[in-house]
Structure formats: C-alpha cells, structure tokens
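Structure record follows, encoded as structure tokens.
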C-alpha cells in the first residue's frame, strides 16, 4: 500500500513538472513573438544600423576551414568549404530582457536584418548567387552573430617549378563591396584561420592560415577600403606522384644505357632506345595535362626532358657505333691513334676482349694457343712440302737435261724421257695452285682481322658510352631528389 502511494506521488510530481515546463516554454514563446513584433515594427534592413551616420560600424570576421574540395593547378582555382562567422552590433535591435521574462537572445532569418556586404574579392566562380540565408543569433545588447557555410572558388597563383615537391600559397581576401573604411571596418577575430575542424586532405597538407588586415586606397576613390587576407599555406603530398610518375621514369631511364650493352648483331639496340623514348613521351604528356601552360617548367618535366635528350643522344650514338661494327673488308684500316687509345688502353679499362677471349676462362686461352701452334705446324709442313717440291723440281730439271743428252745418244729411251717431263710439269702446276690458295687465305685473314678490329672498336665505344650514360642518369636522379629535399 505504501509502495502504491509512493509511486502515485512520484508520477504526480513528474506530471506537474512537465506542465510547468510547458507553461514556461509557452510563456517564452509568447514573449519571443512579442519581442519580434516590437523590434521589427519600424525596422528597415536597407540602411546601416548606426545612430550616427558618421560613426564606423565594426564587423568582426572569422574564417573556419573545413575542407579542401579541389586544387585545380591547370586553371589555378582553389575550391574550399568554409564556415564564415560575422558579428556586429545593430543599434536598433536592442531590448531590456527583464521586460521579456529574461529573454536574452532570439534566432531569426538573416534576410530580416541588415547584413554587411562582405564578399570574396578573388572569387573565380561563375555562379554569383547570394549567400546562404541561415539564421542569425540576436542578443539583447544588439550583437548579431551570423554563421554561414560557403563553398568558395578562389583564384590562386600556382607555382609548379618544384612539382611534385611544391608548396603553394593561396590567398582568400574578404572585404566590403560598397562600404569604405569610414563606414564599415573589418576586424580580425583571430590572427589566423581556424583549422580545428579541418578534414585531412589526401593530396595536401595544411601548414597554416595566417590572417592579415590591409587598408587599400584605390585610384577611383579617396576613401580607404579595408580587407582581411587569409593565406592558406599548402604542402603537396608527393608519394602518389613519386610512385606513379617519377619512379617509373627513373627505372625507364636506367634502361637506356643498357642499349649499349646489347650485342650489335642482335638488331634490338635502336629498337630499345626508340621504345624508351616513346615511354617517356607518354609520361611527359601526362604531366603536361596536369600542369598549367606557363613558362615555369616543373621539376619532373625538366627531368623528363633531360632524360629524353639523353636517350635521343644514346640512340644516335648507337647508330654510329653500329656502322663501325659492320665495317667490312672494304673499309680503311683502323687509324693508329684509335689503335693506341681505344684498342690498347680503353679496352683494358673497360675489360673488353677480343672475340672468344675471356679473362675468366683460361681453358679457352689454352685452346687458342693450341690452335696457334696447329697453324704454325701447318705452315711449317707447308714450307717443308714446298721445299721438297722445289728440290724435286730441280731434280726434274737436272734429269730433263740428262735425259736430253742421253736422248741424243740413245733413242731407245724416248718414252721414259717424256714421262719424266710430264711428271715435272705436274709438280710445277701443283706448286702454283698451293701458292694461290695460300695467298687467298692470307688475304682473307688480313681482311677478317681488319673487320675484327673495327668490331672491337665499336664494342669499346659501347662500353664507354654505357658507363657515361649510367653516371648521367644517376646524377640526374640524385639532383632531382636533392632539390625535392
């Protein structure tokens, strides 16, 4: 029984409290309507709300950066989402809060009160629509606070000299469009823009947003015009461009010197250079589509141009070296200076050996020595045969003379003399054929040695230019990374 009475009393108390709160709210709503009717009975939002027309109306401005929507480098336009807070005092919207049951503030549509015509001076948007008509907070002392969201598109001078390791400074300049400084003065609420509610961007880092007040006197008017400039300091996050534009270019650039290492008989030396050049041209076009058409060439663009120039030079040098490689027997011999500088010194510096010669295979050297010994033995046997044949030739001449004398004395031996003469003529013909073959082989070896020397010259020059271009690519890569740091 006691529990039922306790619960009933609690329910009765809650009901009484709810009724009282509703009564209070209804009373406040009643006083709010009464206050609104009293304030705007004879109010006009067309004129500046000051009692003395010579008095300056101070407008406090505060900008909160919420998000960077887009940074269009090509058109040099920054799109940002801002919260703009303006506050000022209206001399005709004051009341005694005690007369209205302690009501100290009301919220009313912003188009009912006078608003300063503060606009973004460097606006780059085609849409010149009015600001969002959000409510304003009106206090009993006449202070009006107007918070309005805005998506702004402002012009921003973009310097892409160090793209993709660049930093940008974009200005947001706010000022009154018609009122001069003697009528409406703008005051900074903070020394910088508010970044506490900023949403992190995937491409840009925010390093500050300082605010500076400027008072400018234009040529058309003698009155000063104040404005507040917020400088948005941006730093680009370069990881995306490093992995998608810079790193592939560096890897492709290191392929260009390898074209000198390809064998000249493979037929792919020029094709490799042209393929690498076309690949870099594609990357260069991708960068050109992103960047504005200005005189400032971005850092990565300079790297592409330098690499393309280097690859063009390497392709031209490859064509020249291939012509040296395919010099045949009809070419002139290697000049003496090239023989000394290239074949004697540079070949040892760049470890270029003759055809079939290798410093790491002594077995092959022994085979070459055996081959040379075999050639020497053949030449020695050839000399012995030639001497034997010459001695036989002398014997034939001697026997021919003897048989001639005997033929005069003895006619019965005529047939034997003819056979001896025919045998000697066969030996003479055989000697002439052997000498002809030996001369042909000697000329062939001389021409072949001449072609081998030109091939070795081409191979030495290939190795020389390969290391030169490797060093150039390395230093260009270090240079661009050093400038980025």
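Numbers run from 1 along the shown chain.
Backbone N, Cα and C atoms are what each Cβ position is placed from, and that goes for glycine too.
Automated prediction, rather than curation, is the source of TrEMBL annotations.
TrEMBL lists transmembrane segment for one of the ranges 270-291, 336-357, 358-379, namely 270-291. Looking at 215-236, 303-324, 391-412, 413-434, the range tied to transmembrane segment in TrEMBL is 303-324. Here the transmembrane segment (240-263) has Cβ contacts under 8 Å with residues 163-164, 203, 269, 272-273, 276, 279-280, 283, 286-287, 300, 303-304, 307, 310-311, 314-315, 317-318, 321, 462-463, 465-467, 469-470, 473, 476-477, 480 of the same chain, all six or more residues outside its ends.
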